[in-house]
Amino acid sequence: MASRNSVTGFALFSFVFAVILSLAGAQSLAPAPAPTSDGTSIDQGIAYLLMVVALVLTYLIHPLDASSSYSFF
């Protein structure tokens, strides 16, 4: 019975030692880089906004242009 307790104790000690040893050798994760906003995404957002404004103005002005008698010369 004494040998069974010593084997169980040794197995438990080995398991705990292996877990602690694997945690000690682990590397910490590198921190994530801070989010940055580059100029191209800002420029693209402004371009989309200007295209929407141009589209809305086109739809607002077009009925006025179509109803009047419009001539180039």
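Every residue gets a Cβ built from N, Cα and C, even glycine.
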GPI-anchor amidated serine per Swiss-Prot (candidates: Ser37, Ser67): Ser37
Cα distance (Å, whole number) from Gln27 (pyrrolidone carboxylic acid) to Pro35 (4-hydroxyproline): 24
